[in-house]
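**Student:** Summarising the annotation, Swiss-Prot assigns NAD(+) binding site to 61-66, 95-99, 119-120, Lys132, Lys141. The annotation Zn(2+) binding site is assigned in Swiss-Prot to Glu174, His233, His250.
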Amino acid sequence: MKKIEIELNERSYPIHLGTMECLEHAGAVLVVTNPKVGGLYLSYVLERIRAREVFVCTTPDGEAYKTLESVEMILESAFNHRLDRKSLMIALGGGVIGDMVGFASGIFQRGIGFVQIPTTLLSQVDASVGGKTGVNNAFGKNLIGLFHQPKAVYIDPLFLKSLPPREFGAGVAEMVKMAVTFDREFFEELERGDLRDHSFLLKGIERCVKIKARVVAMDEREQGIRAALNYGHTFGHVIEHESGYGHYLHGEAVGMGMVMANTLACGLGLLKESEAERIEKLLARYEIPTRYAIGDVERFYDLFFLDKKSENQKIKFILPEGIGGVAFRDDLSKSMVLSVLEAFCD
């Protein structure tokens, strides 16, 4: 099992890559999962936990359930099982479970430890690393949450064997995102290789985790360079909101958002048309949707202002500057942005 360290001083923690080894904890443990993942892997994980007591909480599956109500369900389970400040929560699932358990553990008795065991490609390469937690509400995605770093992350490739093609593609979109913003050489490797090849996939996961680890160590609270990892998300979050949470997987929405961001970047001279075509071609190879039909451009534009990166009523766009670079722009006129959105009207 390989280990990558997230360097955050007293909050540093390891990311373990490989077959999951024994997880030991002196106090009580609450494992939170959903029916689908639990049915496949709960027994596998429970066999590897050594703790005073181990309890299980099962929440509904899907982005539509990433809500305060679901977090309350987790908290009620923690109280019913008499967890205390020495207890540990474990998130066994994809990004939805990880976000909710991270949030619940961060507010339970003012904060207890938690461990991420991500079971989707998206959560293994991105969502499980870095301490972002939160839930959605009527106004938008992840607008209620906090930064709460896990104690450890266990990335076991076994979990990917049962991953449906759409979930796989959603994870690939996040891998492409990291390559475009931080690593041109990695992007070119993704163009040449095939992530459906297991050994190539494992190398890609490790590459993404190292990128994320480096960025988080530099900017834990997303005050600067970490915001680059939101490439595709400014547009993608609006797509998720407008289409209804769960209609598109998060990674699918990010993929479509990347294409929109690329169009804007091309208009500004930051990205060549040929580079935008290469990015879209790579996404399409894994059957990731790349085009979203916007119904109302004014409404779509207004929803940008709910984005967490927006400040002083200015929309901050994360745009590729070539392949391997990134630019932050908050000075774009409404007319310029609308002209891009109109290119995606149905």
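Note: Cβ is positioned from N, Cα and C throughout, glycine not excepted.
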**Student:** Between the Cα atoms of Glu63 (NAD(+) binding site) and His250 (Zn(2+) binding site), what distance do you get, rounded to the nearest Å?
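**Tutor:** Their Cα atoms are separated by 8 Å.
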**Student:** When the Cα of Asp61 (NAD(+) binding site) is compared with the Cα of each of the binding-site residues Glu174, His233, His250, which one is closest?
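**Tutor:** That would be His250, the closest of Glu174, His233, His250 to Asp61 (NAD(+) binding site).
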**Student:** Measure from the Cα of His250 (Zn(2+) binding site) to the Cα of every one of the binding-site residues Gly95, Ile97, Asp99, then give the nearest.
**Tutor:** Gly95
**Student:** When DSSP is mapped onto helix/strand/coil, what comes out for His233 (Zn(2+) binding site)?
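**Tutor:** Helix, per DSSP.
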**Student:** Which of Asp61, Glu174 has the fewest nearby Cβ atoms, counting only those within 10 Å, among these binding-site residues?
**Tutor:** Asp61
**Student:** Within its own chain, what residues at least 6 apart in sequence put their Cβ under 8 Å from the Cβ of His233 (Zn(2+) binding site), listed in sequence order?
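**Tutor:** Long-range Cβ contacts: Val254, Gly257, Ile318.
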**Student:** Count the other Cβ atoms sitting within 10 Å of the Cβ of Tyr65 (NAD(+) binding site), across every protein chain shown.
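**Tutor:** The answer is 19.
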**Student:** So which of the binding-site residues is most packed in, judged by how many other Cβ atoms lie within 10 Å of its Cβ, out of Lys141, His250?
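**Tutor:** Per the Cβ count within 10 Å, the most buried is His250.
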**Student:** Should Thr120 (NAD(+) binding site) be counted as helix, strand, or coil on the basis of DSSP?
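**Tutor:** The residue in question, Thr120 (NAD(+) binding site), is coil (DSSP, three-state).
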